[in-house]
Amino acid sequence: MSMTDLLSAEDIKKAIGAFAAADSFDHKKFFQMVGLKKKTPDDVKKVFHILDKDKSGFIEEDELGFILKGFSSDARDLSAKETKTLLAAGDKDGDGKIGVEEFSTLVSES
């Protein structure tokens with residue numbers, strides 16, 4: 001399954017473009033722009049599994065740095081600062097990674 005099976009390619013392109021500048025990433029606005037906020041909980045979990053590149057059941061800090069590439073292969077990497085900010089927002093239990101429930105909460109709070 002690919003991201004465009006779940007989200008509009010046009011919405012993804014617009015959202016990636018909106019955060020093309022370094023240190024401009026805002027996960028709340030991004031999740032809204034790609035249409036993730038409007039998706040069912042099941043679809044949000046499918047997106048999580050696409051972003052969980054190593055299939056560990058978690059999105060670790062190194063995977064978070066490449067989160068935009070999970071939506072579009074030509075997107076930029078997040079900066080270290082953006083990655084830490086995203087991790088802090090999503091890692092509710094403080095284990096240094098984001099699980100599927102934490103990701104679902106992160107999306108629903110956006």
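Cβ coordinates are placed from backbone N, Cα and C, and glycine is handled just like the others.
Keep in mind that what you see is a predicted model, and the values were worked out from it rather than measured.
The following features are taken from Swiss-Prot:
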BINDING   Asp52, Asp54, Ser56, Phe58, Glu60, Glu63  Ca(2+) 1 binding site
BINDING   Asp91, Asp93, Asp95, Lys97, Glu102  Ca(2+) 2 binding site
DOMAIN    39-74  domain 'EF-hand 1'
DOMAIN    78-110  domain 'EF-hand 2'
MOD_RES   Ser2  phosphoserine
MOD_RES   Ser2  N-acetylserine
MOD_RES   Ser8  phosphoserine
MOD_RES   Ser24  phosphoserine
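Features per Swiss-Prot, on structure.
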residue: Ser2; record: phosphoserine; DSSP (3 states): coil
residue: Ser24; record: phosphoserine; DSSP (3 states): coil
residue: Asp52; record: Ca(2+) 1 binding site; DSSP (3 states): coil
residue: Glu60; record: Ca(2+) 1 binding site; DSSP (3 states): strand
residue: Asp91; record: Ca(2+) 2 binding site; DSSP (3 states): coil
residue: Lys97; record: Ca(2+) 2 binding site; DSSP (3 states): strand
(message) With Cβ-Cβ distances below 8 Å as the criterion, list the same-chain residues six or more beyond the ends of the domain 'EF-hand 1' (39-74) that contact it, or say none.
(response) 1-3, 6-7, 12-13, 15-16, 19, 25, 80, 83-84, 86-87, 90, 96-100, 103-104, 107-108
(message) If I take the alpha carbons of Asp93 (Ca(2+) 2 binding site) and Phe58 (Ca(2+) 1 binding site), what is the distance between them in whole Å?
(response) 13
(request) Pick the one among the recorded positions Ser2, Ser56 whose Cβ has the fewest other Cβ atoms within 10 Å in this structure. (result) Ser2
(request) With Phe58 (Ca(2+) 1 binding site) as the reference Cα, tell me which of the recorded positions Ser2, Ser8, Asp91 is the closest one. (result) Asp91
(message) Limited to the domain 'EF-hand 2' (78-110), I'd like the whole-number average of pLDDT.
(response) 97
(message) Using the CB centroid of Asp52, Asp54, Ser56, Phe58, Glu60, Glu63 as the Ca(2+) 1 site centre, which other residues of the same chain sit with their CB within 8 A?
(response) Lys53, Lys55, Gly57, Ile59, Lys97
(request) Enumerate the residues of the same chain, Asp91, Asp93, Asp95, Lys97, Glu102 excluded, that satisfy the criterion Cβ within 8 A of the mean position of the Cβ atoms of the recorded Ca(2+) 2 site; list them in sequence order. (result) Phe58, Gly90, Lys92, Gly94, Gly96, Ile98, Gly99
(request) Among Ser2, Ser24, Asp91, Asp95, these being the recorded positions, pick the one whose CA is nearest to that of Asp52 (Ca(2+) 1 binding site). (result) Ser2
(message) Using a Cβ cut-off under 8 Å and a sequence separation of 6 or more, which residues in the same chain sit near Asp95 (Ca(2+) 2 binding site)?
(response) none
